[in-house]
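Participant: Structure incoming, see below.
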C-alpha cells in the first residue's frame, strides 16, 4: 500500500462515503470478485465513477488505469484509513429494543468495535447480561468507562434523557458519541458526535417511489 | 415555491443528502431559526456551502443571495421533492429487537410513513399488536399487502431468511424494500432497495477518532 497523504484536506462527505466503499468491496469480495472498476463500484453504491476516483485520490493511488481496483487491497487500505484495523471499546446507554438490537448486532465486532458495557437505570435490567456483556447502573458509568478504556458511547435512551446521558458520557471521558435520540446534543467541540436518523433511509426511498408510482 | 426542474438529472448522492438537509432544517426550525445561510447549513451537516447550493439548484431557486434560505419554506419544498407530503404504507417483516424498535420508532409517522402491518413466522407473536399494529403470519403477506396498499417492505429478519422475505414482498406487490439484513438481495430492477448497515455510522466515527486519540 502507498502511504496516504497525511496532510490532505478531506471533506466530511468523502469520509462518509468511505464506509460505503468498504462495505461494497466486502460484499464484492464475498461474491468472489477480485478486481472492480470505478464504473462497477459506482453503480453498486450509486455514485459516479468520477466521484470514486476523486474520493480515493485524496488518500493515494489505489487502482490501475484500465484495470480497476484490486478488491482485497482497496478494502484493506480503506479499512486502515477508517481506523478499522484497530480496536475500539464501545458502550451502549439504554436497554430498550434498539439498545437490545444494537447489543446483538453481529457486524460491529468484525469491524473492531468491542462492546464492553451496557448502561441502564432499570434495576430489573442491571446485573443481567446481553451476549455476555453486563448491564450496569448508569451511576457506575464513570468508573466502568475509565476501567475498560471505553472510547465510544452509544445513546439509545428516549429523547428526554439523551442530553443527560451525553453529559455523563463526556464526564466519564468518552471521545465520540453515536446518538440515536432525535435531539441535538450539547457537548464540547472535541467530542465527535454522529447522529443517526433511521427515517433518512426511508426518505430517499420515498423520492424514488414518488417518481415511479 | 418555484416548480422544480422535472427533467433535471439528479445524482443519487444529491438525493441521499436531501433527507439530511430536511432533518437539519427541521432541527433548526425547532431552535427558532428562520433564515439559514448555506455556510451555516453546510457546517451543521458537514458538507461545503458550494455543495449545498449545487444540490438545491438542481431543483430550482430556493434562496436569496446574501440573505440565505428561509428555513420553513426550504423544508417544505424539500419535503415535497422527497415525496414526504404524501402517505406511504409500510410493513415490517421480522419481530426481533430491531423489528420491535422500528415498529416503535416515533419519527416515521410524522414524515408520512404509516406502519400498516408486521409479519413474522413465530406463532407466539402472530395475532399480537405493537402500538396497535397487528403481527400477521408471513403466509398472509400477499393478501395483507394488497388489501392495505402497502408500498414499502422493511426486512429485519436474520440474514439467512432475508432473500425469501424479499421474494415474498416482491410477489406481494411491494415497490421498495428497506433491508437491514447484511446480504445483497436479488430482486427485479424495478424494485428500489435501500440497504441499511448500522456499522457505517461507527466507521466514520472511527476515522475521526483515529486522528485524535
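Cβ coordinates are placed from backbone N, Cα and C, and glycine is handled just like the others.
From a predicted model like this one, the values you see are computed outputs, not experimental measurements.
Residues or ranges marked as DNA-binding region in TrEMBL: A:20-59. The domain 'CoA-binding' annotation in TrEMBL covers A:83-184. For A:94, A:95, A:96, A:97, A:98, A:99, the entry in TrEMBL reads NAD(+) binding site.
For each feature listed, report its degree of burial, its nearest neighbours and the pertinent distances within the displayed model.
Facilitator: Restricting the average to the domain 'CoA-binding' (A:83-184) gives a pLDDT of 93.
Packing around residue A:94 (NAD(+) binding site) is summarised by its Cβ count: 25 other Cβ atoms lie within 10 angstroms of its Cβ, all protein chains included.
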Participant: What are the DSSP helix, strand and coil residue counts for the DNA-binding region (A:20-59)?
Facilitator: 28 helix, 2 strand, 10 coil
Participant: Which of the binding-site residues A:94, A:95, A:96 have a Cβ lying under 8 Å from any Cβ of chain B?
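Facilitator: So the ones by chain B are A:96.
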Participant: Report the same-chain neighbours of residue A:95 (NAD(+) binding site): residues 6+ apart in sequence with Cβ closer than 8 Å to its Cβ, ordered by sequence.
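Facilitator: A:103, A:118, A:120, A:122, A:125, A:130, A:135, A:156 - these are the non-local Cβ neighbours of residue A:95 (NAD(+) binding site), listed in sequence order.
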Participant: Run through the Cβ atoms and count how many others sit within 10 Å of the one on residue A:99 (NAD(+) binding site).
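Facilitator: A count of 25.
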Participant: Could you tell me which of these binding-site residues, A:96, A:97, A:98, has the greatest number of Cβ atoms within 10 Å of its own Cβ?
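Facilitator: Counting Cβ neighbours within 10 Å, the top one is A:98.
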